[in-house]
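What follows is one structure encoded as structure tokens, with my remarks underneath.
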Amino acid sequence: MNRALRPLVATTAIFALAYIAAIIQFPAMLSTRVLGNFLTDNAFLGIAAVGMTFVIISGGIDLSVGAVIGFTTVLNAVLIMWLGLHPLLAFAISLGVAAAFGAVMGAAIHYLKVPSFIVTLAGMFLARGGASVLSPDSIGIKHELYTTISKSYILLPGGGRLTVIGMIMLVVFVLGMILAHRTRFGSYVYALGGSEVSAGLMGVPVARTTILIYTLSGFLAGLAGIVFSLYTSAGYSLSALGVELDAIAAVVIGGTLLTGGYGFVAGTFIGVMLQGLVQTYIVFDGSLSSWWTKIVIGGLLFLFILLQRLVFSAASPRRKVFWKT
Amino acid sequence: MVEAVQPVVQARGIVKIFGQHRALDGVDFEVRPGEVHALLGENGAGKSTLIKILTGAYQPDGGEVLLNGAAVRFSDPLDAQGHGIGTVYQEVNLLPNRSVAENLFLGHQPTRFGIVQRKVIEARARDLLATYGLEIDVKAELGSYSVAVQQIVAIARAVELSGKVLVLDEPTASLDRNEVAKMFEVVARLKARGLGIIFITHFLDQVFEIADRVTILRNGKLIGTKALPEVTATDVVRMMLGKDLALDHGGVGVAEAVQGPARVAFKSLGKQGKVAPFSLSLHEGEVVGVAGLLGSGRTEMARLMFGVDSADGGEISVGGRVVSIRNPAQAVAAGFGFCPEDRKLDGIFGELSVRENIIIALQAKLGWFRALNRDEQNEIAGNYAEALDIRAADHEMPVKLLSGGNQQKVILARWLAIDPNFLILDEPTRGIDVGAHAEIVRTINRLREEGMAMMVISSELDEVVAYSNRIVVMRDREMVAELSGADIAPSVIVAAIADNPGGQNVKMEANA
């Protein structure tokens, strides 16, 4: 088996086992209702995590994600409630601003040769600060479209609801998988994660790819912000605090190597779902503090980093080569 | 002769200046289609500068590059590749984390509606590699194959994308004999297809094996271009060095080992899966050569001795006293020094200066509470730089800018500065040109005369024979023979290495 697949298989197995264990304790967890809520409640995290997957596969990190989500919720609220724009127009503007923000960070990372960690840390402060300047207080959003969207869903057999934002996340994941695994851009992202020098010598447009990766991450963080504002019907500068770290955790738990070069978008989906599962379990239990989510995620993260270390540092057996004589 | 054939690529009067230094001074060079043209010269002669100009990595300060007779100016290596000049470097510049097929076609994958057509790529990759006599799973990660296979994939990619000129920059440096033979088959095939091939190597025998012509550079100047059958190896070396090679190629090496109490002794040192337990003792003024193929456990043996890997069992004694060496710091404390095989990766601190690189082991041994002041550092670095003839413009220069031979000497100086009991040199002459070779060999001999105990790992049999008092032979992660006296001859070593792996060796039993 391809060794890059091993962490993904492990994540999937852990998710399956954990879910089965949860069902044994609380049989009610086996319902489309719970599954539907999984998707809805974690939609913004999942969308942001897809962008993060690309960034991490390329060997970088994006710490600005949570702040961009917060900024987008506020920008949306300001555009809709204060300036009276139609939400769709507000969405387009927000996405454009978020994507441009990502592009600028990508350009800074590439042209100034500054580690992504530093650039996106600066981006995080800028976005969070910018959101507070726009409005330090939470702005409630009231608009027909918001009401319509939050009322629309596809009824799943068993009473579960596949909401619009849940569907947005699923679509983003599917598109993300195609982009990562089936396009030239995707292969460039992996190439950068493997070796930037080699990638450059092989003709990968390093500058363009780097900028596009952070643009994508910014764009998806913006989309996550829109989804978050639909989810909460509000814009608040301090929303989605620390989501970038949850996203990183989901990506790593999903089998993507933190140092880049290996990973799967599908793995990130399971990583997100695993976090949702832990949260749901805590809700069902009722007596546990929600901080247990963090503890479990911390433990899992540690486990997976250990697992990756084992898989990737173990000397891979050289393949047998058949020379034609 | 093929005098009438127009060269596919030609350099005329190339000048390249770095600061005050003329790296290339009016150099002419050409490659014709269907020829293998070897480019030779000592380190710092200007080989890599010339190659970088031909492949677009540098722009010449004077002269011109002609492609099929027309002057061209490449903006970067990709531009050169687009014009038909492909390069394969010693360190494979591909992506070990991606599949073989993707490595072959990255950036040129056929797509339909933006979706990469994987099946098409894989089929083409299989067909392409088959023309190189390679049948491998093209879907597997490139990193899971040996360097030789990666090297051939790199060649296939370069030829596929450029197709007129192929530059091979020390492609054989990390290959074993069989792999080199395979590589040469590939080169011969490409030559037959009419490619112009520029071949850079430090192995003269390989030059004579496959090259049609050689061009020799020295100190940035063109010394000459010769058709090969017309010159001998001695001529070539003389042209490279401007003097006869001062290397003793005597058949039988140095006198019998100095006997007496061992300075360093290793008893049944071993590690499961790395090296079978071995025993070896080294005396004052003795050089023990270690011979064996790549992967025979030579380097692993050195790593155990120096505590880089910790041994499962066995003991180490220095001057008769048993010491515990579980990590390199303890090894340094015991007076050991280790010049590793891959000096770029494990040896030098490329960004640090020559001075810092030399004093670092001594400082580590002293501890940070007894910091050497700048004057002391300058003095120590100066002394060793002079003693070993390290050629650097000044001692504050980053080590990465030095040539391979000088880097090796910096590492040697670093260990000599701690006044070691015992030095381990792993492939001290790898990737170093002939002139620096001779100097390193001379340095080893001098250190021996001064009473140093050394273990030298080398693939160059002629060389091991020239400086070793004793030779141990490694095979399949096991010490299989210990040779001394008249047995120190390449033929005996080769026989010891080549013995059938399963069978027990008589010599080994004699020494056990």
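Positions of Cβ are set from backbone N, Cα and C atoms, glycine also.
Heads up, TrEMBL stuff is auto-annotated, nobody curated it.
With a cut-off of 8 Å between Cβ atoms, the residues of this chain six or more beyond the transmembrane segment (A:7-28) that come close are 1, 34, 253-255, 264, 266-267, 270-271, 273-274, 277-278, 280-281, 284-285, 300, 304, 307-308, 311. TrEMBL lists A:7-28 (among others) with the feature transmembrane segment.
Per TrEMBL, the feature transmembrane segment maps to A:34-56 (among others).
Beyond its flanks by at least six residues, the transmembrane segment (A:63-83) meets 44, 48, 51-52, 89-91, 93-94, 97-98, 101-102, 105, 117, 120-121, 123-128, 130-131, 134-135, 139-143, 217-218, 221-222, 224-226, 228-229, 232, 234-245, 247 of its own chain at Cβ-Cβ distances under 8 Å. As annotated by TrEMBL, transmembrane segment applies to A:63-83 (among others).
What TrEMBL lists as transmembrane segment is A:89-109 (among others).
The annotation transmembrane segment is assigned in TrEMBL to A:116-134 (among others).
According to TrEMBL, the transmembrane segment annotation covers A:154-180 (among others).
Under the heading transmembrane segment, TrEMBL lists A:211-233 (among others).
The feature transmembrane segment is assigned by TrEMBL to A:245-271 (among others).
Counting only same-chain residues 6+ beyond the ends of the transmembrane segment (A:291-312), those with a CB under 8 A from a CB of the stretch are 3, 6-7, 10-11, 14, 246, 249, 252-253, 255, 257-258, 262, 274-275, 278-279, 282. Feature annotation from TrEMBL assigns transmembrane segment to A:291-312 (among others).
The stretch with the most CB contacts under 8 Å to the transmembrane segment (A:89-109), chosen from A:116-134, A:211-233, A:245-271, is A:211-233. Here the transmembrane segment (A:211-233) does not lie next to the transmembrane segment (A:245-271) in space: the count of CB pairs under 8 Å, restricted to residues six or more apart, is fewer than 3.
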